[in-house]
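J.: Encoded as structure tokens, here's the structure I'll be asking about.
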Amino acid sequence: MILYCFITYSKGKTPRRPGPKKASNIEKDPVGVYCRIRPLGAGDEECCIEMISSSTIQLHAPDGLKANRNGEYKETQYSFKKVFGINTTQMELFEDVAKPLVDDLIHCKNGLLFTYGVTGSGKTFTMTGSPGEGGLLPRSLDMLFNSIGPFQAKRFVFKPDDKNGMEIQGQVDALLERQKRDSQQSVPKTPSSRQKPDPEFADMISSEEACKSENVDEDCCYSVFVSYIEIYNNYIYDLLEDAPFDPIRPKPPQSKILREDQNHNMYVAGCTEVEVKSTEEAFEVFWKGQKKRRIANTQLNRESSRSHSVFTVKLAQAPLDADGDHILQDKNQVNVSQLCLVDLAGSERTSRTRAEGSRLREAGNINQSLMTLRTCMEVLRENQMCGTNKMVPYRDSKVTHLFKNYFDGEGKVRMIVCVNPNADDYEETMLVMRFAEMTQEVEVARPVDRPICGLAAGRRHRNQAFRDEFSRHLEERGGPTNADDPALLNQLIESLPALPPCELVDPDDDQTLPRLIEVLETRHRIRQMMTDQFNKTASTLKCMLEQFDSQINAKETYLHDQQSKLNQKDKVIINQRTEMERLEKKSKTLEYKIDILQKTTDMYEHDKRSLKQELETREQRLQRELSERRRMEHRMQGMVTDTKLKWEKECERRVNAKQLEMQNKLWVKDEKLKQLKAIVTESSSSGGCLTGRPEKPERPSRERDRNNAQKRSASPSPLPTAPPVHPMHRRSHSAGGEKWVDHKPPSNLDLDTVMQPIIPNAIKVSTPNEKALSKCHKYVLRHQELASDGEIETKLIKGNVFKTRGGGQAVQFTDIETLKQECPTAPRYSIFQSTTSCGTSVNFLSGAHKYDVDTQCLVGVVGLCTHTQWCDNVQVNEKEEKQACYSVMIVA
């Protein structure tokens, strides 16, 4: 009979983890934006990016781009949290960007890391890497499994509940689940860690570059689940889904939908989550999904990503029970944290990639989703900076809708901006820089630490120490180190006194039974002694463990106090460092603004000097114009005075002429009366004769006017270059050497009278056309009609022909000449005399002259000039009378 004794501890009820409380003063951190510059592809390519410092780059326009208004290329600087140059290794990038996110993942904090940039800027290389240069994804997986490797739970202990949560199964249920999964061929099997690792992945991370997280909670069990999806044309596809292949009627992959769990977190419903136990297994799952990802060859990139890929690493952890043996069977104590590694497709211009068909549609969806991401960042920044509460359009794109919880404060957000320094990507790179600069101003709530449970720390360590101590005691007693081993039980049984032969051949045998009873009593005493010694040792060990626990608790309390003080110091240091970085960034910004203002000031000073010189020049010109104007005013005053004197004399002359006309009329009447009287007298007295007749009144001589004109006040002589104020009017310019278009409409009154001037070298047309106008310089339109008094009236409308900008011809009318024919034999006319400016006198019949309103001329009919030349019609232009004499024009 063997007695087993176990030491048991009283188990108390595990307290429920309190829900997260939203503090009123939530601490926020800006989105961490990093920049990585890829090397140039060829040595002859022009570079448009220059790294100024470890946190600043300068972007300058290439030579072929148009200069701005100042004649200089516009150079802009952009600041980031850190800038990685072309010589940065993948390990250095991982240490600064991804390693803190993996450390937060182990400590129950979420994280989002995505690469952003134009196509061909190195986003996929940064995320995945190449043989010998592993990217952020394989290094994150390697660090995670190096940290939690010894503390992983067995397979299927943690089980996804298809609602973005985790369930805990017992050891028996997990074993049955493993057997069930192995028997089902349709369910994808979890990759085995015993397989040989992929040689390509084995070369990505060297043993020297392997790293692990410190301060891993050893009182928890961990399990890692990975999923891989892509967002293509704004649809979500599961890259790890093993759909049955039908060779006859193949079905396209089905898109997934987004749902919200009970904690208001977004997740992809029905997405495959594979449990992995090593880095090789995780990378094998990633490579399986990577082969299904959509890539294509474009003009700018041989393997251009046509979709946004999201690789999610989900870490489930639950505390051990009070004994430190098994996982605590309480779903509320399970913490699930995830790290999303996103490789965004590159923005591109179809004019450069020359995309057509499906590639053009893909590029449109990619650019639309990236534009939605920019819009969300702008609205978030505006809400935080201006205090507004605008709705962020997360639902406009699957990318933003899936990660809206991260921007609302469910984890840290990091972005790596990959840029290509090639000058051909200058305009796209400028847009990327502006988006990155705006994203840095968005702040995300800092995730708080979530305690696992209220049990004492070090449970796993104490359980292991107890096992080691028990094995040591057994070794000291010569027993095996493992109490559960069957060999230990056999050795323990063999150490007891051997049993004597128990065969009874005689019913009266009284020796065998007493010997057997004696041996059994001896064995019972030995077992009792061993039990007492074991209990005593267990009690001693328990006291020692309790003493150790008290000491450890005291040390832990001390360490906790020191750690809290250290955390406070760290916070102060971090705040001071953040303040220093902010002040440095502000100082650099102010220096840059000062440089800009200095350049602007210099430009304004130059403009001021130029304007001042121009102002002085204009003032001098104005002074000259004022002096010229004064001289012109003096000259015009003299001319006004002369014109006034001339018109006064002209008025006096006209009055005298009117008086003479009336006297002539009166004389005619007197003559008629005298003739009538003479006739009456002759009839009454035959011998009567006319007595003396009064003489015709003599016209006042203009000799006095000519003398007065010579004595008028002298006015300043006009400048030689200035035209005369009232040029002499010419009767007709048709006699010159210009070519004329003679337009005579067929509907006019055509009487073939003498009132038709003859124009030499004229092109006669009934309707004007462009061909005739292009050959001539002058234009005349004839219009002939009967006047109201029954006389014939001809109007000649003259103008100049000039070319227009459109290549056509235009006519500008400059003069209207009116010709009128009247009968010269009417008895009502008398003769009067007029003198021209050249001294030629013209005799007009009295009453035969009149003023024509259209031509502003005096029309004289049947006049006789001193040159003994008869004419049918004489026109005197009244404008020329300002010269103090008449100008006579004879019409042929």
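Every residue, even glycine, has its Cβ placed from backbone N, Cα and C.
Bear in mind that TrEMBL entries carry predicted annotations, made automatically and left uncurated.
These figures come from a predicted structure and were not determined experimentally.
According to TrEMBL, the protein carries these features:
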{"type": "BINDING", "residues": "G117, V118, T119, G120, S121, G122, K123, T124", "note": "ATP binding site"}
{"type": "REGION", "residues": "177-200", "note": "region 'Disordered'"}
{"type": "COMPBIAS", "residues": "184-194", "note": "compositional bias 'Polar residues'"}
{"type": "COILED", "residues": "566-635", "note": "coiled coil"}
{"type": "REGION", "residues": "682-747", "note": "region 'Disordered'"}
{"type": "COMPBIAS", "residues": "693-708", "note": "compositional bias 'Basic and acidic residues'"}
{"type": "COMPBIAS", "residues": "717-726", "note": "compositional bias 'Pro residues'"}
J.: In the structure shown, with every protein chain counted, which of the binding-site residues T119, S121 has the densest set of Cβ atoms within 10 angstroms of its Cβ?
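T.: By the 10 Å Cβ neighbour count, S121 comes out on top.
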J.: Including all protein chains displayed, how many Cβ atoms other than that of V118 (ATP binding site) lie within 10 Å of its Cβ?
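T.: Its Cβ has 23 other Cβ atoms within 10 Å.
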J.: Mind checking which of G117, G120, G122 has the fewest other CB atoms within 10 A of its CB? They're the binding-site residues.
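T.: Output over binding-site residues G117, G120, G122: least Cβ neighbours within 10 Å is G122.
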J.: Counting across all protein chains shown, how many other Cβ atoms sit within 10 Å of the Cβ of K123 (ATP binding site)?
T.: 25
J.: Counting every protein chain present, what is the number of Cβ atoms, excluding its own, within 10 Å of the Cβ of T124 (ATP binding site)?
T.: 24
